[in-house]
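Report on the structure given below.
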Amino acid sequence: MAFRKKSAKNPPVLSHEFILQNHADLVACVGMFFVLGLMFEGTAEASIVFITLQHSVPFPAAEERAPEPKFLYYYGIRDLATVFFYMLVAIIIHATIQEYVLDKINRRMQFPKPKQSRFNESGQFSAFCLVSCVWGTSILVSENCLSDPTLLWRAPPHNMMTFQMKFFYISQLAYWFHAFPELYFQRIKKQDVPRQLVYIGLHLFHIAGAYLLYLNHLGLVLLTMHYFVEFLSHICDLFYFRDDKYHKEFSLWAVVFVSGRFVTLIVSVVTVGFHLAGGQARNSDATAGNVNVLAAKIAVLSSSCTIQAYITWNLFNVQLQRWMEEDTTLQAPSVKKKRTKGRSSRKGTENGVATANRVDSPHKRKEKSS
């Protein structure tokens, strides 16, 4: 199935234009290669590493009352293969949303090219943030994190994850890794690439940090709040692209944005403080998930404070830039109106004098004749 509209002239195979037009089809073929590997006995074991979650442990294995032990997961090197496969899935979903939703809206609204790229970016991120927010909330409810907030720093066992928790983090890593090739597939301008790289790198750094340090519940709460605020911001951007007047009506989302950053800082400080103060261990053991040391406390809190400050500063810069654009657009027509009024008034006076001379000329002739 083709996800991109093919042009009238078919580009050469494996050329630059060919890859851009058919990248979703090519990625789907690579993904089907791993799926078909499950059908053969010789390649089934290798394909399972890419498709299913790895590093599972039955828990509790010693209890006789439990008819079927529950499987918990830890992270390992084979998770990279799983992240790679779901990165391919994210590329296909990205192309599907672009072709069947965003491109149709662009053709209907007839946005200019600068607005098209920004509209596509906001549309993709709003869909991802909505799904992640709903998914993260359902995990928090199912694991009783909302009813018992102390699970944020004392969730037993501290170095294990449930299936849905690990699958959430694998999907998050896969999505943000897929954003790197999308910079090429979506033909992002060179001046916008550094901003996108910083945005993607910050998300990867913090998601991978929460995953590797076994701060799973804390990371899930912070990500859910972050994606909720980001969803509101991108939805407001979509309305703003449709009509500029919606920007003033939806300006209250900035209050939600700042309050979301403030709540994130509070949750980070409280959770990390209680989590690291709960034990007295002095030796760090990353393989056991023990981050109960002063260095880890400083690193986690400083990272959380830095990212919140950066996001808030970026918001102020974007808001100031939009206000400046609105002022320039409002001042330009007013200047034109003043110029046209001046010209019309001059023409009016000149025409008035001319008509007056024409009207007065017969009377003047009569006076002269008399």
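From the backbone N, Cα and C atoms, a Cβ is placed for every residue, glycine too.
In TrEMBL this protein carries:
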COMPBIAS  335-346  compositional bias 'Basic residues'
DOMAIN    117-326  domain 'TLC'
REGION    330-370  region 'Disordered'
TRANSMEM  83-102  transmembrane segment
TRANSMEM  123-141  transmembrane segment
TRANSMEM  167-185  transmembrane segment
TRANSMEM  197-214  transmembrane segment
TRANSMEM  252-274  transmembrane segment
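Non-local neighbours of the transmembrane segment (167-185) in the same chain are 20, 23, 53, 79, 82-91, 94-95, 128, 132, 135-136, 139, 161, 193, 196-197, 200, 203-204, 207-208, 210-211, 216, 219-220, 223; each lies 6+ residues outside the stretch with a CB under 8 Å from one of its CB atoms. Across the domain 'TLC' (117-326), mean pLDDT in this model comes to 81.
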